[in-house]
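According to Swiss-Prot:
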- CYS29-CYS75: disulfide bond (DISULFID)
- CYS74-CYS83: disulfide bond (DISULFID)
- CYS96-CYS112: disulfide bond (DISULFID)
- CYS111-CYS122: disulfide bond (DISULFID)
- CYS145-CYS190: disulfide bond (DISULFID)
- CYS189-CYS198: disulfide bond (DISULFID)
- CYS220-CYS266: disulfide bond (DISULFID)
- CYS299-CYS311: disulfide bond (DISULFID)
- CYS335-CYS376: disulfide bond (DISULFID)
- CYS375-CYS384: disulfide bond (DISULFID)
- CYS407-CYS453: disulfide bond (DISULFID)
- CYS452-CYS462: disulfide bond (DISULFID)
- 17-208: domain 'Albumin 1' (DOMAIN)
- 209-394: domain 'Albumin 2' (DOMAIN)
- 395-474: domain 'Albumin 3' (DOMAIN)
- 1-16: signal peptide (SIGNAL)
Amino acid sequence: MKRVLVLLLAVAFGHALERGRDYEKNKVCKEFSHLGKEDFTSLSLVLYSRKFPSGTFEQVSQLVKEVVSLTEACCAEGADPDCYDTRTSALSAKSCESNSPFPVHPGTAECCTKEGLERKLCMAALKHQPQEFPTYVEPTNDEICEAFRKDPKEYANQFMWEYSTNYGQAPLSLLVSYTKSYLSMVGSCCTSASPTVCFLKERLQLKHLSLLTTLSNRVCSQYAAYGEKKSRLSNLIKLAQKVPTADLEDVLPLAEDITNILSKCCESASEDCMAKELPEHTVKLCDNLSTKNSKFEDCCQEKTAMDVFVCTYFMPAAQLPELPDVELPTNKDVCDPGNTKVMDKYTFELSRRTHLPEVFLSKVLEPTLKSLGECCDVEDSTTCFNAKGPLLKKELSSFIDKGQELCADYSENTFTEYKKKLAERLKAKLPDATPTELAKLVNKHSDFASNCCSINSPPLYCDSEIDAELKNIL
């Protein structure tokens, strides 16, 4: 766990369990030999907690125990050459039993209909959706030390499991680095003569790594939910809304840059990928946008590159400039092979004119742009555009209007003030509703707004919630 090479092998280990290939077995054995049983177990716990975020501590611990046991046995000198393949196949079969003690993936049942290597590869490919709402709450210093003194090993395992399941989209190397550093702090401070002073000092030292880990989890969760193409669209929308006075030429390279960083770093085994790439990105942000927006300029005055990134990441949408309405691009523009930026231009122009959170705009723009692009594949693209264009424009306008109604007053007010205005609007629309019914509606709508009406709303959760709310809109 102390070197990038080791972490690189750890990623191979994640696949070796399912694949059982000789060359992967050799990597696992080398890893086991280098780390030793204790650190290998810790690394496995982080890896499988991350891979199975819905698994219980007991389920993940049981899987880790089995993996470590088979690795120790099959990597021992004089072990049967078939040991590794036989044991991993048995582990795979055990995962398919109805009373399996191991954590379950969505899709496990389908994988279990397959046999041999095909089953192992199927299980290796299964992924949970990102945990968009981490529930981890750090205990008090006294609670931490009480649990640590009671059973240091059990405390460490529980912490690694809980933290890794909550922040599992952060790169594996970052999770390993942070959890190891955190446990080192606990070990030092809970045996210190002045635990409070010790925790204060050590947390200050850990602040940068903690922030990098949690923020990486957040941006990588969004990337995992959207994929590369839609992430690029999402990043373009956000920047257009934060700095609507900028030009496309200022914003598009930045949207592409952060998308490329996430593509490279979210699954990287290198511990310094995010730590190196994000500061470089903030320099580009400030070079391109600090003169275009006063809030951006303020963010660029922060002391560290990470603080600059956090400031710009959480920056809300700016006030809309007064601009003429934007029209859908023509078939001539869309179908022109030399005009590669036409869809980006439309996305940018619509976004900087529209007071509506990114999750809404990404949801409606992706199918709209795709539908327009499909006209280029038919023989008579002009007729296709003439037929689709007005309908798409009407659907887009209707969706935006409904979305703006759902999020009305949210970003401009405190939450208390927002709920007050929401209650007034609902009362005007539903004069016959009882106070109890109104209160229930206010809570329902405000819960939705608090999760889905800000610039960095969680895309997976909000996708289905937006559908439900639009069906019930008053």
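Keep in mind that glycine also has a Cβ here, set from the backbone N, Cα and C atoms.
All protein chains considered, the CB of CYS335 (disulfide bond) has 19 other CB atoms within 10 Å. The DSSP secondary structure for CYS299 (disulfide bond) is helix. Closest by Cα distance to CYS375 (disulfide bond), from the disulfide-bonded residues CYS190, CYS452, CYS462, is CYS462.
Close to CYS190 (disulfide bond), meaning Cα to Cα within 10 A, are none of the disulfide-bonded residues out of CYS75, CYS96, CYS266, CYS452, CYS453. Within the set of disulfide-bonded residues CYS75, CYS83, CYS96, CYS407, the entry lying nearest in space to CYS311 (disulfide bond) is CYS407 (CA atoms). Cβ neighbour counts within 10 Å, taken over all protein chains shown, single out CYS266 as the most crowded of the disulfide-bonded residues CYS75, CYS266. Cα spacing between CYS266 (disulfide bond) and CYS122 (disulfide bond): 22 Å, rounded to the nearest whole number. Classification of CYS111 (disulfide bond) by DSSP places it within a helix. Measuring Cα to Cα from CYS29 (disulfide bond), the disulfide-bonded residues that fall within 10 Å are CYS74, out of CYS74, CYS96, CYS145. Cα of CYS299 (disulfide bond) to Cα of CYS74 (disulfide bond): a distance of 54 Å. Separating the Cα atoms of CYS462 (disulfide bond) and CYS453 (disulfide bond) is a whole-number distance of 9 Å.
When pLDDT values are averaged over the domain 'Albumin 2' (209-394), the model yields 94.
Broken down with DSSP, the domain 'Albumin 3' (395-474) shows 58 helix, 0 strand, 22 coil. Looking only at Cα atoms, CYS75 (disulfide bond) sits nearest to CYS83 among the disulfide-bonded residues CYS83, CYS145, CYS189, CYS384, CYS453.
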